[in-house]
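Engineer: Provided herewith is a single structure, encoded as structure tokens, for subsequent inquiry.
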Amino acid sequence: MTEVQPPPAQSTVATADTPSLAPDTTLETSTSTELAPITTEQTIITTNAEGKKVKKIIRRKRRPARPQVDPATFKTDTPAPTGTSFNIWYNKWSGGDREDKYLSQTAAQGRCNVARDSGYTKADKTPGSYFCLFFARGICPKGVDCEYLHRLPTVTDIFPSNIDCFGRDKHSDYRDDMGGVGSFQRQNRTLYIGRIHVTDDIEEIVARHFQEWGQIERTRVLTARGVAFVTYMNEANSQFAKEAMAHQSLDHNEILNVRWATVDPNPQAAKREAHRIEEQAAEAIRKALPAAYVAELEGRDPEAKKRRKIEGSFGLQGYEAPDDVWYAKEKAEWEAAKEIEAAGGAAXPRQMIESGEDAHAHEADCAAMQVAPSGQHSQGNGIFSTSTLAALRGYTAAPAKPKVAPVAGPLVGYGSDDDSD
């Protein structure tokens, strides 16, 4: 058993319409952020005769997807009836045999050429569109009028676990022959390829043909048996490659048998899969948390410990805040900063786009809303407002009158019943 790391899937090809660049020129390729980007932008940074860096933007219009076969002569071969009703979506008879034994011995009608056939379709204007199954098989007659995507899946193309990239429903378990759409019980990114013509360079042939459909993580080849296992980085790419390479041939006239691979019993494979899942989860957490917080957790910020030791005491000598208290404080500060930032963005000055009478009306409304100057506004460098200071200046303190002490009467008259007193 031999392990082969395939060469990179992307390559740079120089064309006649490519402008000549200086040796110190750098290229930055960017794609429009629209839902259906019809044009692509290429930024060229070069140095002119004066020694200054010049930035040029080259916009190229995306080409439309071309029909892979002639619509007038296109027809699908219906397999021999083995059931009661034929399902055109799965290309099989329901209620009959799972697979015709002669179907696997028939070569595919066409083959997808990504560099030549891919382009934009009607599906690029619809969010959540699926990929064209006939495009993957190389026999789509609609071209730009197709309602499905005509391109390769990327890491940003995420679908529910019970649906594949072509919009077909998965099943609870795999078929006995490991064919079909697959199961939603686990994420399978590995393909089994059988009936390969055995040669000395079988590893290079398998890597060259299967890297066309996406980035490959790992390739295993059993040279003596003519069998290979190809693992893709993305599950959608493995689903696309399975349909694209089914009943195809490599460098010889063999007819490939492409199936889903079973669970690898090797303990190292289980460890690699667990490690990959942990890396994906860690990357998702890194993107969700602030960069400073992630650097502190990973120990990449040496000043974080000093700052926590100083600020975590909360002014109490010898006190060190627990982790939950410190992280709650950091979370509160982070949320407060986000609220301030959001409020600042909402309070940005409004652009004045009115003209003519609308502008005069807007100015009149603003003038009517202004308050009288000295009575309401406060001084910029004082504590009290202008109105308060004016009231204090006009206030005059009157001298308080001395209280008159009450005159005490004779003791003989106290408590007397005589009215003359």
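The backbone N, Cα and C atoms fix where each Cβ goes, and this holds for glycine too.
Not my notes, these are from Swiss-Prot:
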REGION    1-32  region 'Disordered'
REGION    59-80  region 'Disordered'
ZN_FING   126-153  zinc finger
DOMAIN    189-263  domain 'RRM'
Engineer: Restricting to the same chain and to residues at least six past its boundaries, which positions have a Cβ under 8 Å from a Cβ of the zinc finger (126-153)?
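Structural biologist: Distant contacts of the zinc finger (126-153): 35, 64-71, 74, 76, 108-114, 117-120, 159, 165-168, 213-214, 234, 236-237, 239-240, 243-244, 246.
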Engineer: Per-residue pLDDT averaged over the zinc finger (126-153) comes to what?
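Structural biologist: It averages 93.
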Engineer: With DSSP as the reference, give the number of residues of the domain 'RRM' (189-263) in helix, strand and coil.
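Structural biologist: Counting residues by DSSP class gives 22 helix, 22 strand, 31 coil.
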